């Protein structure tokens with residue numbers, strides 16, 4: 001039985017080929033091939049909710065850590081007086097960081113593209129986004 005091997009951490013699939021094995025990038029989806037009849041393959045799609053890019057994963061982890069820190073700060077500030085202005089500001093900060101993390105998750109699900117592409121759409125004049133034609 002021939003089957004494609006996949007590495008889930010990078011979202012890549014190696015196609016079952018005798019001559020060459022090329023990785024195929026699939027984003028957050030992992031494709032697997034399974035031999036049903038000799039030389040005929042059926043395609044199965046397995047979804048996985050992991051970030052495709054290391055920087056995106058690190059950003060989400062940092063936002064999660066910030067939320068935990070802000071919650072601790074807010075509970076400390078609100079211990080003395082729950083109705084104070086400082087208490088409201090502290091919980092507003094928690095809400096803002098939580099919203100930033102939620103926005104990142106929504107953006108990842110909707111766009112599911114290279115972060116450089118969205119950056120270049122917003123900043124086409126930067127050096128990272130220049131396109132050279134031969």
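Cβ coordinates come from backbone N, Cα and C, glycine included.
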Exercise. Could you check which of 1-21, 22-42 is flagged in Swiss-Prot as region 'Disordered'?
Key: 1-21
Quiz prompt | Cα-to-Cα gap, residue 78 (disulfide bond) vs residue 120 (disulfide bond), nearest whole Å | solution = 42
Exercise. Measuring Cα to Cα, tell me the gap between residue 129 (disulfide bond) and residue 87 (disulfide bond) in whole angstrom.
Key: 43
Quiz item: Using Cα coordinates, what distance in whole Å links residue 87 (disulfide bond) and residue 120 (disulfide bond)?
Solution: 39
